[in-house]
Each structure stands twice: as C-alpha cells, then as structure tokens.
Amino acid sequence: MRYGKKKTFICSDFIIIVGALLVGSSKMARSFEIILIGHFLYGISAGLCLNIHGPYLSEISPKKFRGLATTTAAVFFSLGKALGQILGLRDLLGTEALWPLLLALCGFPALLQLLLLPFFPESPPYLLLQRKDADACRKAMKDLWGERHQQMEIEEALKEMTIAGSKNLSIWEVMKQRSLRWPLLISILLVTSLQLCGLGAIYFYAFEVFRTARLEELVIPYVTLGIGLCEFASVLLCSSIIDRLGRRVLLCGGFGMMALTLALLVLTLSLQDQSPWISYSSIVLIFLFITFYGSGPSGAIFSVMVEIFRPDARPSALALAGTFSWAGVFIIGISFPFVVEALGHYCFLVFFGVLIGMGLFTYLFIPETKGKSILDITEDLNRIPLGKRRTFPALESSSPLRSHGLCTKL
C-alpha cells in the first residue's frame, strides 16, 4: 500500500463518518437517496478495512500472539451484528423515530479510531519496504515487542521482510508470480467458503423454524438475538484457542461439524410436521451450526490468509481475495431467493457439499501456520505435489537492509 495502513484507516474513518452523517439526517431531509449514498460509503469503507485490518495486526504482533490478533476481525464482525440486533429491538432504537440514529451509530467507533490512530505505530513492513527506513522499522518493532525478550523474533521478522525485494507487489505482479499462485488460490477458496457455507441460509430459515416451533412472534426477535450472541461467544472462544490448537484443527473440525449439522437440519426440517419436539431439535441445530462456524472457520480463515503470504505480496493478495469475498456476498444475495424457491430447505445440501469439499481441501492442501515464519510456511507449501511452482526467493537476495550495509541483529 503506497500510503501505509494508518493513513488508509484514517481515510476509511472519514468515509464512515460522512456516511453516518448522511443516513442520520435522511429522515430530516426526507430523502431515500441519502440513505443509499450513505450505505454506499459504508460499503467502500468496509472493503478498505477488510483488506488492511488483518495484515496490520499480524505485522505489529509477535508470532505467538498472531492468531489472537488476526481473529479480532471476526470478533468485531460478530460483535457488530450482535449489537445491531440488540439496539434494533423495538424496546430500544428499533422505532420509527429512532431508526436513523441506529443506522448512524457506525460513525461512533470510526470517530473513536480516528482520534486514537495518531498514537498507533505504523506497520514495520511499510516502513522498510515502502519508505526504505530500516532504522524506523527496527525502532517500531522494538516499541511494539520490547527489546529485552524479543530480539530473536525481531531479527527473524526483519529477515522475512527482506525475502522478495524492496517494494510491495501490485495485484498484477502477484498474479504473475508462480510461487504465489497456490497461496492465492488457498486464500480465495477460504474467503469464498465463508459466503458459501450456509450462514446466510441459516439466518434466513431461522424465523420459519422458530415459528414452526410455535414460539410467540414477540419472543422470536429475542431468540434471533441469542443466535447473534452465540456467534460472538464462539468467535471469542476461537480467538482464545487458535494459538493452542492451531489453524488446521479449527478449520477441518469446523467444516466437518458444520456439514454434519446441515445434514441433520435438512432431516429435521423434512420431518418437523411429524412431532413438535423435532422443531425444537431444529432450533438446537441452528445454534450448534453458529457455534461451529464461529469457533472454527470464521476466525481461523483470516489467520491463514494473512500468514501464508510474505510481507511484500500480502496487501495486494488480500485485496484480490477480498474482491472474491464481496463478489460471493453479491452472488449469494442475488441468487439465494431463487435457490430457496426451487429447492426449499434442501438448499442446505448445496452448502453441505461446499463444506465437505473445503474440509477435504484443508486437510490435504493447507499447511499448519501456527507459530511458523513465512520461510517455514513456504517450505510446507512447496512440499505439496502440484506440479512445478517457483519457490520464494532466498534470503540472500538484495534487500533494503543489506543495500544500506545494515545488519538485522539488534
């Protein structure tokens, strides 16, 4: 990124604040178009933040806390959904008079971040690769990680940043390098699986399942809120265990258990008219699916995507993967009503196939990245027998540190 992640965050915050002001004033202005413009700005900001949040946190965090740091995106996604469901209740802001305030609340965390960002450090890879300032890079890493107990890790991180050259790669350059195509394919498949795993279908069918279970309509919004809180709690669980169990365990286990849950849900939805307890079984399965989603793929996918790319390729690679993610959101949003109309609750079988395929793909082709440097991860990727792929350049290649006659030792 030419301007650095801090400046991109600041730009994104301004966009959100402008969008919040627009949607907040839409009722006063009596303009539906203002709401559309505000949501369009929200979308632009979301696209920016999705591509820089994980990389920034992974680059400023020590290796042993990298999994915890990169899962914060999933944690705050689920927290945002849960807060939206809570504040959207009719007892709070879900009223005719207060809904503009509900839509404009996104501006508050953006304003808070805008005030705090000047005190945050810049990403060390940006300082080294873009600004060619090795001293500032080393100082930032000392400030972030400490000097006494982190010397070896700082030295290793500096070496990782000098693997491939002296500047960040563009999207086209990332696509041209054969050594990056396999990590790029892994990232695209993983991030797309988040959209094709059936989470949207679960939320879509939740109301019908609750109604079939003869829950009162006044109670259903609170049960739906329970789903959001369940997702948030399970993502928090993922962030606490990801650095102990590893990414592969959470991904394979999550995909497998989600697939099993969907298969059972299709069965209970098919038999729900046979007995009242079957409808309650469907409710339990919905909560189980959300739990497996949050404690598995939801958090672990972001960690893997960040960790399998070297620093100079990471921004462009994640931007490309993020494009596929938003494309998946668009395709699901457009096609899902037609799929439901044609297949009914059997549409879950489509997502069942996706989950089984991703579970097998993860088990066979995605290496464990927990606690490993990019060099170790690269070696694991190169062992996968998928034809000839050029390996990453060696450490002895030219780098900003060596070109200035500097040593990576502190």
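Each residue, glycine too, has its Cβ placed from N, Cα and C.
Positions annotated as domain 'Major facilitator superfamily (MFS) profile' by TrEMBL: 1-370. Feature annotation from TrEMBL assigns transmembrane segment to 9-28, 34-53, 65-87, 99-120, 184-207, 219-242, 249-271, 277-296, 317-337, 343-366.
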For this session: Six or more residues out from either end of the transmembrane segment (65-87), which same-chain residues have a Cβ under 8 Å from its Cβ atoms?
Result: 50, 53-54, 57-58, 93-94, 102, 105, 221, 224-225, 228-229, 231-232, 235-236, 238-240, 242-243, 247, 294, 298-300, 302-303, 306-307, 370
Seminar exercise, completed: Ranking 34-53, 99-120, 219-242, 317-337, 343-366 by Cβ pairs under 8 Å to the transmembrane segment (9-28) puts first 99-120
For this session: Residue list, the transmembrane segment (219-242) vs rest of chain: Cβ under 8 Å, 6 or more residues beyond ends.
Result: 67-68, 71-72, 74-75, 77-79, 81-82, 84-86, 89-90, 203, 206-207, 210-211, 250, 283, 286-287, 290-296, 298-300, 303, 370
For this session: Return yes if the transmembrane segment (184-207) and the transmembrane segment (343-366) have at least 3 CB pairs under 8 Å (sequence gap of 6 or more), otherwise no.
Result: yes
Exercise. Who are the chain neighbours of the transmembrane segment (99-120) in space, where the CB to CB distance is under 8 Å and they lie at least 6 residues beyond its ends?
Worked result: 6, 9-10, 12-14, 16-17, 19-21, 23-28, 35, 38, 42, 45, 84, 87-88, 93
Seminar exercise, completed: Given the transmembrane segment (317-337), its same-chain partners at Cβ distance under 8 Å and 6+ residues beyond its ends are 47, 50-51, 54-55, 171, 174-175, 180, 183-184, 187-188, 190-192, 194-196, 200-201, 204, 305-306, 309, 347
Exercise. At an 8 Å Cβ cut-off, counting only pairs 6 or more apart in sequence, do the transmembrane segment (277-296) and the transmembrane segment (343-366) clear the bar of 3 or more pairs?
Worked result: no
For this session: Give residue numbers and ranges for long-range contacts of the transmembrane segment (249-271): same chain, 6 or more residues beyond its ends, CB-CB under 8 A.
Result: 190, 193, 197-198, 205, 209, 238, 241-242, 278-279, 281-282, 285-286, 288-289, 292-293, 295-301, 304, 345-346, 348-349, 351-352, 355-356, 358-359, 362-363, 366
